[in-house]
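Novice: Can you keep this structure in mind? I'll have questions shortly.
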Amino acid sequence: MLIRSASIIRNGSLLKNIDILIEGNRISEVGRDLRPNDDEIIDARNMLAVPGLVNSHTHLAMTLLRGYADDMELIPWLQEKIWPLEARLKPSDVRAGVKLGCLELIRFGVTCYNDMYYFMDETAAATREMGIRGVLSGVLFDMRPEFINDVEPFIKKWRDDDLIKPAVGPHAVYTCSEETLLRAKDIAERYDVKIHIHLSETRDEVDTFVNQRHMSPVEYLENLGFLSERVVAAHCVWLTPRDIRILAERHVNVAHCPISNLKLASGIAPVATLIEHGVNVCLGTDGASSNNNLDIFEEMKVAAVVQKCSVGRSAILPADAVWRMATENAYKAFSLDMGIRRGALADLALINMRRPWFIPVTSMISHLVYSMSGEASYTICNGRVLMRDGVIEGEAKILDEAQRCYERLISEE
């Protein structure tokens, strides 16, 4: 496949008339006047080629619950609405929700997502069918102790797949015992996979934990020896200065989800301070049930402007830093060999620059973070075109099936 005459961003500058040659699932060459290797040629004039974006924390099947429970705080939202409905979920519902979520990710140029949920075999199969990458972990709760027995078989089944990266997903310190957390850590270390956990998301959660344990959730995990560079900790909203130092010292990756945190009134994560201390911060949307979309570009803008306002300095978290959160920082967190360069995985999106929000052509990174509206034109993952000129094959069928599943779930209330 040859992508011809695209524009790319290199060291902050816009380079035009660049060809990108793809062989198999890798980029084999980036340059000018490249010769095609087959009949597949994409005319990318007036298009910006960007590397595949990463959604670093979500619950993709919960796209099926978009708009079901709004305007509530986290714990009542979970206990009164989400968990009762989730108890009625069937594997087919999760499959439909995942495929619906994948449609949305593909439209926004996302080629990899990090997920924690139920029915992970169905999630993995649906993700693979849709053609994108998933870092997938079955959620672990003490209220469902049998779930941990599924972790190793899932890892063994999927660890050699080229799109699926199995991981271990203890839900949070308030839903997992010390034994569960240590078992999760042991499994992750033995199989060399990532750990995905919610951490210090709400003030009530942290205050309750401190009152019970006389230490913060971060200090507790540190005392257990749980924290390391394999951990991706979602949210990290309520942190002490000591917590931040611990996360930095242990090279923990943080998945920042600003819109969900704002909508659930959970708070504003100290992202600028985390970055100043050297913490690798990525970007996620959380689930569409609490966001309510999977628009990673919207997430970038909100992440930037909220930090500027909360810190009181407009220079905090500039556009290029936010862009890295959705790309390079996530590649590091999930060990992804991605980027628009020779030898990288062929994951990229083509975005039409002939749109009002990209004119005048000044800083394209600024436009992507602060101005971007709409969707990509092409999304390519692992060398396969998933969306061509705004069209995704089979989209109508996926939408109809998701609607049917939702209506059945609601009818059983």
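Yeah, the Cβs are placed from backbone N, Cα and C, and that goes for glycine too.
Keep in mind the model is a prediction, meaning the values are calculated, not measured.
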Novice: Going by Swiss-Prot, Glu86, His171, Glu201 bind substrate; tell me which of Asp286, Asp295, Asp320, Asp337 is listed for that site too.
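Specialist: The candidate from Asp286, Asp295, Asp320, Asp337 that Swiss-Prot ties to substrate along with Glu86, His171, Glu201 is Asp286.
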Novice: Fill in the CA-CA distance, Glu86 (substrate binding site) to His59 (Zn(2+) binding site), as an integer in Å.
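Specialist: Approximately 12 Å lies between the Cα of Glu86 (substrate binding site) and that of His59 (Zn(2+) binding site).
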Novice: Under DSSP, is His171 (substrate binding site) part of a helix or a strand, or is it coil?
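Specialist: The residue in question, His171 (substrate binding site), is coil (DSSP, three-state).
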Novice: Grab the substrate binding residues from the record (Glu86, His171, Glu201, Asp286) and give me their largest CA-CA distance in Å.
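Specialist: Taking every pair among Glu86, His171, Glu201, Asp286, the longest Cα gap is 21 Å.
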Novice: Expressed to the nearest Å, what is the distance separating His59 (Zn(2+) binding site) and His171 (substrate binding site) at their Cα atoms?
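Specialist: For His59 (Zn(2+) binding site) versus His171 (substrate binding site), the Cα atoms are 12 Å apart.
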